[in-house]
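Visitor: Marked as domain 'Thiamine pyrophosphate enzyme N-terminal TPP-binding' by TrEMBL: 42-151. Annotation comment: TrEMBL describes 239-357 as domain 'Thiamine pyrophosphate enzyme central'. Among the features that TrEMBL reports, domain 'Thiamine pyrophosphate enzyme TPP-binding' is placed at 449-573. Residues or ranges marked as Mg(2+) binding site in TrEMBL: ASP480, ASN507, GLY509.
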Amino acid sequence: MDFKIGAIDTCKPINGDIANVPTNKAVTIQNSTIPFNSPDSTLGRHLARRLVQIGVTDVFSVPGDFNLTLLDHLIAEPELNLIGCCNELNAGYAADGYARARGIGACVVTFTVGGLSIVNAIAGAYSENLPLICIVGGPNSNDYGTNRILHHTIGLHDFSQELRCFQTVTCYQAVLNNLDDAHELIDTAISTSLKESKPVYISVGCNLPGIPHPTFSREPVPFSLSPRLSNMIGLEAAVEAAAEFLNKAVKPVLVGGQNMRVAKACDAFVELADSCGYAVAVMPAAKGLVPEHHPHFLGTYWGAVSTTFCAEIVESADAYLFAGPIFNDYSSVGYSLLLKKEKAIIVQPDRVTIGNGPAFGCVLMRDFLSALAKRLKHNPTSYENYHRIYVPDGLPLKCEPKEALRVNVLFQHIQNMLTGESAVIAETGDSWFNCQKLKLPQGCGYEFQMQYGSIGWSVGATLGYAQAAPEKRVIACIGDGSFQVTAQDISTMLRCGQRTIIFLINNGGYTIEVEIHDGPYNVIKNWNYTGLVDAIHNGEGKCWTTKVYCEEELVEAIETANGAKKDCLCFIEVIVHKDDTSKELLEWGSRVSAANSRPPNPQ
């Protein structure tokens, strides 16, 4: 018998835009039953099928003796590709990047030594509201409660340290040491990750994946998650209050924040922008969530390091609506934003606050923005003010023949490379600021990790994003210090046949740290980076490397990467001066330094 069930809303991205929500269509499935004691009626197969159903076709892993049997079952799933990474940290970063492009990611590691190694990447995904399934091969189910000391642990009779670590960086934890409730725990964990848009932890006893059990004797029914709904009375009250607040303003503006992603409200934000005519900006972590070809788009609002003329328009407005903002010390440039609470409407995924009050709970951001679009008067005053004061950006000074390459010249050429088939990954560091200034063509992806800011994140994230979105040519901008943390998984990119272009910016140190607080610890050992990648390549896979010292060599390298080597992983090491930084980093660094060095309050 056939029957229909609503497809899950995984917010699977369309054309790399993770903010798009798919249309919920009914899917027809066969009411098939697998005979009990069949080799297929197992926990391992059920978990593999669940991952495929929610849109995961690649799982990033590092093998260890506790997870080997589980890996056998994942490999046996024809629609699942198991990708071995060089270390657990990169496997976690890859699942992070994959989730950004695909809507959800997954990784598998071994007990404690693998789990505690990947926990940093899971914490980053938690901070960025990314649904991610972290699976750990756990101890034999017979070892629970025995007071035994196990290997791969810290040598205590209690081996729950890994679980306790994950409790703070995941929204649900499932320890599978009993087949009777394993089906329920797996489904609860995965559905919770999707509903909360956060990572979850699943520990699978190493002796359980291949044992048949009646609960796994049929093809798993696809999830049908109930949609979250707004309180309609609260929604109407919030919209009425916000419309009154904004309609009496002379020059209001809209600013998008990173929580629009988790709220699945990017389309509603654009609908509001189209309707009201206000000037539109984004906070730095929201770059890529709002189309930059929008006619009223100003750029990035980042206080003193904003896009030129953007901060002046935002901070001089008499009303501003922030959709999904996070005001931390980095996004506020050391708490130096010139904003007034009484002028602001703050819209979070399920809450609206207007000025100093009132506040409205149980109001979903996408519902609120969409309803507000129908209630606001068209008022383009703020954009007209911007248009009057706007002066186009100047171009970098032209390089003399064979002059040492400057960073601003590098990014001028990267700008010219971008198309709708590109995606930019910006590593923590000066690439944050230089990539913020790139103007993204329609369809161009953009990702960076601002809230957590873990150096080295971009190598694994690039691996994951490129695997999830093979139609995109990923352009990764990575500093030398960050690259040294996670360089090994260039190897995995080659094994996967990826065609990413990596710009390795070699300036001899941790430049972002230098501008916050300098010291000898910010100077790193210089590597022969192209030589390292050539050694990793070792004649297997498609790889091309080059070093560039001047603009002429850069132009030639880009032509080669986009031409003869367009199907290769292209690694371009860019040699620049150690003090060649963006002006934004200089300003931001000094303000963050001042915030970090505030003296203790008097006791």
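From the backbone N, Cα and C atoms, a Cβ is placed for every residue, glycine too.
The shown structure was predicted, so the numbers you read here are calculated from the model rather than taken from an experiment.
What does the local environment look like for each feature on the list?
Guide: For GLY509 (Mg(2+) binding site), the same-chain residues lying six or more positions away in sequence with a CB closer than 8 A to its CB are ASP480, GLY481, ASN522, VAL523, ILE524, LYS578.
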Visitor: List the residues in the vicinity of the Mg(2+) site, defined as same-chain residues other than ASP480, ASN507, GLY509 with C-beta within 8 angstroms of the site's C-beta centre.
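Guide: Once ASP480, ASN507, GLY509 are set aside, the remaining close residues are GLY479, GLY481, ILE505, ASN506, GLY508, TYR510, THR511, ILE524, LYS578.
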Visitor: Sort the residues of the domain 'Thiamine pyrophosphate enzyme N-terminal TPP-binding' (42-151) into helix, strand and coil with DSSP and give the three counts.
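Guide: Counting residues by DSSP class gives 51 helix, 22 strand, 37 coil.
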Visitor: Who sits close to ASN507 (Mg(2+) binding site): which same-chain residues at least 6 apart have their Cβ under 8 Å from its Cβ?
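Guide: Correct list: GLY479, ASP480, VAL576, HIS577, LYS578, ASP580.
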Visitor: Under the DSSP assignment, what numbers of helix, strand and coil residues are found in the domain 'Thiamine pyrophosphate enzyme central' (239-357)?
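Guide: Its residues fall into 40 helix, 25 strand, 54 coil.
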